[in-house]
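Listed in Swiss-Prot:
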- Cys115, Cys118, Cys136, His139: Zn(2+) 1 binding site (BINDING)
- Cys129, Cys131, His145, Cys147: Zn(2+) 2 binding site (BINDING)
- 18-41: compositional bias 'Low complexity' (COMPBIAS)
- 42-54: compositional bias 'Pro residues' (COMPBIAS)
- 1-61: region 'Disordered' (REGION)
Amino acid sequence: MAQESCDLNKDEAEILKPSSSSSPSPSPTTASPSPPTAQMTEPPPPQSTPPTPPAAAAAASAAAAPQFSAKNCEGILIEVSKKRKLAEATATDANAVVVAAVAEPLSPVLFVNRCNVCRKRVGLTGFRCRCGELFCPRHRHSETHECSFDYKTAGREEIARANPVIRAAKIIKI
């Protein structure tokens, strides 16, 4: 099995296989068996260690660093993505708080458990109309709250679905 290592300099960890003089097996993530340095499109960020030749760096990392298996890299990938998602979530939450603070005085106050007509608290006895609003027992009927739902058209469609038009086949009379 070829040696695998994790490149943690990128945002997402990838499994990179170092090039060797023996016959390299094709990587499932890449189409060409070129070395990992040729696959990188952007330069890696500067590190605190002095730069070393690629062959010496591969030999030093193989001798000194523990070898990572695919499972370890997947765990690191998950941790990195969780951290990134958490950072994005906190950034969007901060933006949402600023937007909510600006928009809060302008937005109307919504009452969830109140009648839409008389603003009486309905609790568990509220009636949800077909127009989507909540009403008390006095205003639950469509005539009392000027309902926008078209009951006549809905009734016609329901009857048409329940009673399809049946036409008899033509009979040839002799």
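Every residue gets a Cβ built from N, Cα and C, even glycine.
Here the C-alpha separation of His139 (Zn(2+) 1 binding site) and Cys129 (Zn(2+) 2 binding site) works out to 10 Å. Cβ neighbour counts within 10 Å, taken over all protein chains shown, single out Cys147 as the most crowded of the binding-site residues Cys118, Cys147. Here Cys118 (Zn(2+) 1 binding site) is compared against the binding-site residues Cys129, Cys131, His145, Cys147, and the shortest C-alpha distance is to His145. The least crowded of the binding-site residues Cys115, Cys129, Cys131, Cys136, judged by other CB atoms within 10 A of its own CB, is Cys131. The Zn(2+) 1 site is set by Cys115, Cys118, Cys136, His139; from the centre of their CB atoms, other residues of the chain with a CB within 8 Å are Arg114, Asn116, Val117, Arg119, Lys120, Val122, Phe135, Pro137, Arg138, Arg140, His145. Across the fold, the C-alpha of His145 (Zn(2+) 2 binding site) and the C-alpha of Cys115 (Zn(2+) 1 binding site) stand 10 Å from each other. Separating the Cα atoms of Cys131 (Zn(2+) 2 binding site) and Cys115 (Zn(2+) 1 binding site) is a whole-number distance of 13 Å. Just so you know, the Cβ of His139 (Zn(2+) 1 binding site) picks up 21 other Cβ atoms within 10 Å once every protein chain is counted. Over all protein chains present, the Cβ of His145 (Zn(2+) 2 binding site) has 20 other Cβ atoms lying within 10 Å.
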